[in-house]
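Structure, as structure tokens:
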Amino acid sequence: MMKFTKQNFFFLVGGMIIYVVDIGVDFWVASRYFCQGQYSWSILILCFRGLSSLVSQIFSYEWFKNDWEDTDTGKLKLVFLVHLFQCGIFIRYWFALKYGCQAAFKLTSSRDASEADPSNFTQKQAIDAMTDINMLRVFKTFLETTPQLFLQIYILMEHGKTHFYQYAAIIMSFCGISSSMVDYQISLRKSLPDKDEFHVLSKVMYLFYKLLTITSWILSISLITLLSVRISVILLIFLWICGFTWTLKQHTTFCKSKKMEYLYRTVVGIILIFSFFNIKGRRTKVCISIYYATHTVLTLGILFVCMFWKPSTIEEICFTIVGILTISSLVLGIIFLVVYYSRFHPTIYCRSQACSDEVDGVAGQKDRVKNGRFQNFLMQ
């Protein structure tokens, strides 16, 4: 296990700032649409926000309950109340900042820091706290931030008129997706054994692979939504059913209870609409090839259909620009994907059982639960 560094601490602080600003921007944009009489857009934005917050609080509280099995019930009741008021993430940020500050500054500034074991208790607390936050941020990214990005791009295409708050929402969506993707990979490298360090070039390759493929797909479904909202909804539901069915066949073991496991599989089905998600930590060459080949076929099919059955709301020049952006981002995204997997991707899944054995032998039962949770949550 690697150390929790000062750079990790500053990334954590930056992620928290983005999280808080994103909440403010969402309510600001929703209020602007409401004042303009666009009630449906305002309600959708608040629904995305509410759904992601609700799911995040449920998982956060469940993890607290699992990790604090021997803790005083009064403490858990207080944590439950905080989560009930949708503020559980801030408890986790408080723990992460507290342990992160100790691990990154106090230990490294001590006299015997060079002799300290990188897997010591404080380091592990900081890394575990950061890991849980980043898992929750992945849920938020695909339950709220990505749908929000899709909605704003669709509104821009449909109406053609732009306002500053729309650009603010799009920029914050891209910032949210970018930070959560990179922070997730940092946590992955630190929490599982036998990992290479996540260097700057690795971060760039992974970030552009995810951002470009997601952007291409969002532009595609925005076009099909302009063509027909009904067709778009049917397509998205069909893709979710496919993703949910695949998770069922994988027999995931992320949660302790069956109800929570089905909720997890439901969320993974939504994530799979937008990006590939490796839920078992195994070799994914075939699965990821099928996934992005399917997305490529669907994207080209949507563009082909729109060329002959173009919505009256979108102008010729606008469709040309969107088409070029869609294809170019898809091609570049696939290129970054190939480069990342061939040069920079960690090889943990080819030794997943060995990693599991090593983690189980490091510490006690609580450590096994913590590592097991993340080991069953691998998004490659």
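Glycine too: its Cβ is placed from the backbone N, Cα and C atoms.
Automatic, uncurated: that is what TrEMBL annotation is.
TrEMBL lists 9-29, 41-64, 76-95, 164-186, 207-227, 233-250, 262-279, 291-309, 321-341 with the feature transmembrane segment.
The stretch from 9-29, 41-64, 76-95, 164-186, 291-309 that makes the most Cβ contacts under 8 Å with the transmembrane segment (207-227) is 291-309.
Using a cut-off of 8 Å between Cβ atoms, the transmembrane segment (9-29) and the transmembrane segment (291-309) share fewer than three residue pairs, counting only pairs 6 or more apart in sequence. Ranked by Cβ pairs under 8 Å to the transmembrane segment (262-279), the stretches 41-64, 76-95, 321-341 are led by 41-64. Sequence-distant contacts of the transmembrane segment (41-64), counting only residues of its own chain at least 6 positions beyond either end whose CB sits under 8 Å from a CB of the stretch, comprise 23, 26-27, 29-31, 33-34, 76, 79-80, 83-84, 86, 88-89, 91-92, 132, 135-136, 139-140, 143-145, 147-148, 151, 155, 255, 257, 260, 263-264, 267, 373.
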